[in-house]
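Comments concern the structure below.
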Amino acid sequence: MGTPVNIIVGSHVWIEDPELAWIDGQVLKITGQNVEVQASNGKKITANLSRLYPKDMEAPAGGVDDMTKLSYLHEPGVLENLKIRYELNEIYTYTGNILIAINPFQRLPHIYDSHMMQQYKGAPFGELSPHVFAVADVAYRAMINEGKSNSILVSGESGAGKTETTKMLMRYLAFLGGRTATEGRTVEQQVLESNPVLEAFGNAKTVRNNNSSRFGKFVEIQFDKQGRISGAAIRTYLLERSRVCQISNPERNYHCFYLLCAAPQEEVEKYKLGNPKKFHYLNQSSCYELVGVSDAHDYLATRRAMDIVGINAKDQGKEVDSSVPKDDNAKFHLKTASELLMCDLVALEDALCKRVMITPEEVIKRSLDPQSALVSRDGLAKTLYSRLFDWLVDKINSSIGQDPNSKSLIGVLDIYGFESFKTNSFEQFCINFTNEKLQQHFNQHVFKMEQEEYTKEEIDWSYIEFVDNQDVLDLIEKKPGGIVALLDEACMFPKSTHETFSNKLYQTFKSHKRFIKPKLSRTDFTIAHYAGEVLYQSDQFLDKNKDYVVPEHQDLLSASKCSFVAGLFPPLPEASKSSKFSSIGSRFKLQLQQLMETLNSTEPHYIRCVKPNNLLKPAIFENANIMQQLRCGGVLEAIRISCAGYPTRRAFFEFINRFGLLAPELLEGNYDEKTTCQKILDKKGLKGFQIGKTKVFLRAGQMAELDARRAEVLSNAAKTIQRRIQTHIARKRFIALRAGAICLQSLCRGKLAGKQFDCLKKEAAAVKIQKHLRRYEARKSYNKLHLSALVLQTGLRAMAARKEFRFRKKTKASIIIQARWRCHKASSYYKKLLIGVIKAQTRWRGKVARKELRKLKMVLPTVVWL
Ligand SMILES: Nc1ncnc2c1ncn2[C@@H]1O[C@H](COP(=O)(O)OP(=O)(O)OP(=O)(O)O)[C@@H](O)[C@H]1O
């Protein structure tokens, strides 16, 4: 991994965290080697400078599809990239040529449909998003173009998705090299259909996976010259035999037992089956059913698949469970077993409960104690089951058929990943041995790939170190003297116990740096594997390593009247009878050797499956758990190998784009890209880098160093910009503030004046109201006064007037009377006068008139004037 360099205050870094494995943060303070970091979760963490890694702040938001594109190739960077992608449901990511597949724990049908297959067909590697189809396509094209065999190695811990990935690979290879089924079953159909059959007999529910393969598998698909599938072979490794007799809660035994119990009624009766709770090998756990799985349905599906892969109906009807005759029930089972195995009832009982001892004098039959009889029964069941499984695989192979003319093949290896539990026994030892072997193969391949890249770019790689795990392999498999050899020796020696075996190990590997004797134990031992230390409990190593069939069992079953059962136990050749011992460890070692030979003759491709959480649920990404798997799957080792050389490589133009600002004068000069890169690196005083034909190759940490310089330049520029911007912002703020203040002031003043005006207005109004009120009041009281005065005056005047009137009335009346009287008197006088006048006048006038008349009678007509 890259060494942290050039971490300064303000740098963004990754720091170890007990919960999240790695957490990002920013450096607050550096005191000597101690660094204080403000983590993104708000905590302040202090750590040693050497434990920090730089964080790439320019990494794309959606992550990169190939880890080699990361600027900083280190654990936290890798983890973060996978996490970002997983959150976007991008479950596949490359690390160079290795494909990392993170189990989505949810169906993503759109990424596996036929349209997708069509897209990946012939597409150049890396052009489309990472995918299993891309890996299969590369393997297929390489095989067609170069005529060389290829292999795809799928590994990962239980439940990581190896089997699902293998199925996808097979589907895609069948899609590329399949033929249209004109005459019945095609090879690829048979290969694909062999899965459900093998799963029924080789898979079981475990705590880590509901459909866990309890064996390793290498499927060889042979192709003819036209690239069509012409044959196939399946090799299986290390079936977990102990599960047949011993299961722990809440796990299950192999699926096939439950399928048989769920068979149609007539078959259940025929084979004297029934409820799984009745059988000792099944009722050790309380788990009988799987959620969402119908055993009855799967029973029929498995039978159909058996038809397709060529196992005939007669062969499909053999199964057995065994027991010791403790009571009537046990006797019933014994009888059933003898009927199903078609062997003699008494012979079966003897084989289970007695042992024959041959002494020079005589042959003695000795009864076994109940405990040994149990062991004997379980031994028979395990042998029977593992032979049945091997028969099944042979049958599938012979039915599919091999192509002797095939020159090239693609092998797909689906094998258990590194295991380290609380208790680790012989199985874990073999599994981890396999993984050491594969790791070596992987390291060599990754190293070779690195070298190829360097050669292609014509750079010197002679000094790149390569850490080999050959020492662990020697510890395990060296002959003589390795653990497997010592175990075989112990198994052959009748008085050996696991204590003597452990002691032998302690003595032999006293000073081996990969072997550790725990202080407090006398039988455990620890091996420092490439993926970490594993503590093994040796107590069952001897039993589990012994692979010999008790002669009584061998004789009994090879004498079975059922040709199928007898066929599983062919009579042993005389020579092998004398050397009774055969060991599982050695046989497995041999198998592994053959596998490695096959793999070495092929071009390998790696798929590392990762289980994101132990809850088997989607969208949960457990950092520490995943980190451990990447470590065990060799991904981190591949990165380490890469770091040992030139982990960072950048195309010239990319390099100039990123680091041109370190030497702006060069960008204005007339240099070609290669010289510019060289000059930038020289200017910064870096040593040890190499300039290839198209890329710059940097040693671990150099990218960070350049980035730190770049960060400095950028930070200075940023500071200037910040200063200006801050001034500008401050001034703008001040002006705005001032305008605001003025505005506020005028508003306040206005408001105050308004208020004052309001007060004045109110005051004036009050005065006016007061005035009017007062006037009204004054007027009212004046009016009242006035009225009163008037009334008073009127009264008084009236009184006076009345008084006067009364007086005047009296006077007036007398005057009127007087007047009337005088008037009367005058009028009477006047009338007397008038009458006298008139009489006088009349007499006068009469005399005159008569005189006149006499005159007129004499002169003029008479004039009458009265
Ligand atoms: N690509 C995928 N898409 C959807 N689900 C998946 C995928 N890969 C794995 N799974 C889910 O994870 C479960 C476990 O996967 P699988 O059986 O392939 O694991 P494994 O690595 O083969 O485990 P074991 O070593 O125990 O056999 C599957 O049953 C399936 O539900």
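For all residues, glycine too, the Cβ spot is worked out from N, Cα and C.
Note that TrEMBL annotation is computational and uncurated.
Under the heading domain 'Myosin N-terminal SH3-like', TrEMBL lists 8-57. Within the model, the domain 'Myosin N-terminal SH3-like' (8-57) shows a mean pLDDT value of 89, rounded to a whole number.
Marked as domain 'Myosin motor' by TrEMBL: 62-711.
For Gly161 (ATP binding site), the same-chain residues 6+ apart in sequence whose C-beta sits under 8 angstroms from its C-beta are Ala101, Asn103, Cys609, Lys611. Following the DSSP three-state reduction, the secondary structure of Gly161 (ATP binding site) is coil. Per TrEMBL, ATP binding site is recorded for Gly156, Glu157, Ser158, Gly159, Ala160, Gly161, Lys162, Thr163.
Same-chain residues lying 6+ beyond the ends of the region 'Actin-binding' (592-614) with a Cβ under 8 Å from its Cβ atoms: 82, 86, 97-103, 105, 132, 135, 138-139, 142, 146, 148-162, 165, 169, 208, 218, 220, 235, 237, 409, 411, 413, 417, 433-434, 437, 441-442, 445, 620-622, 625-626, 629-630, 633-635. Residues or ranges marked as region 'Actin-binding' by TrEMBL: 592-614.
Around Lys162 (ATP binding site), the C-beta neighbours below 8 angstroms that are at least 6 residues distant in the chain are Val154, Ser155, Gly156, Ser213, Asp414, Ile415, Gly417, Cys609. The ATP site, placed at the center of the C-beta atoms of Gly156, Glu157, Ser158, Gly159, Ala160, Gly161, Lys162, Thr163, has further neighbours from the same chain whose C-beta lies within 8 angstroms: Asn103, Asn209, Gly417, Cys609, Lys611.
Long-range C-beta contacts of Glu157 (ATP binding site), restricted to its own chain and to partners at least six residues apart, with a cutoff below 8 Å, comprise Arg208, Tyr416, Gly417, Phe418, Glu419, Cys609, Lys611, Gln629, Cys632. Taking a Cβ cut-off of under 6 Å from any atom of ligand 1, the binding-site residues Glu157, Ala160, Lys162 reduce to Ala160, Lys162.
Just so you know, of the binding-site residues Ser158, Thr163, the Cβ with the fewest other Cβ atoms around it within 10 Å is the one at Ser158. Fewest other C-beta atoms within 10 angstroms, among the binding-site residues Gly156, Gly159, are seen around Gly159.
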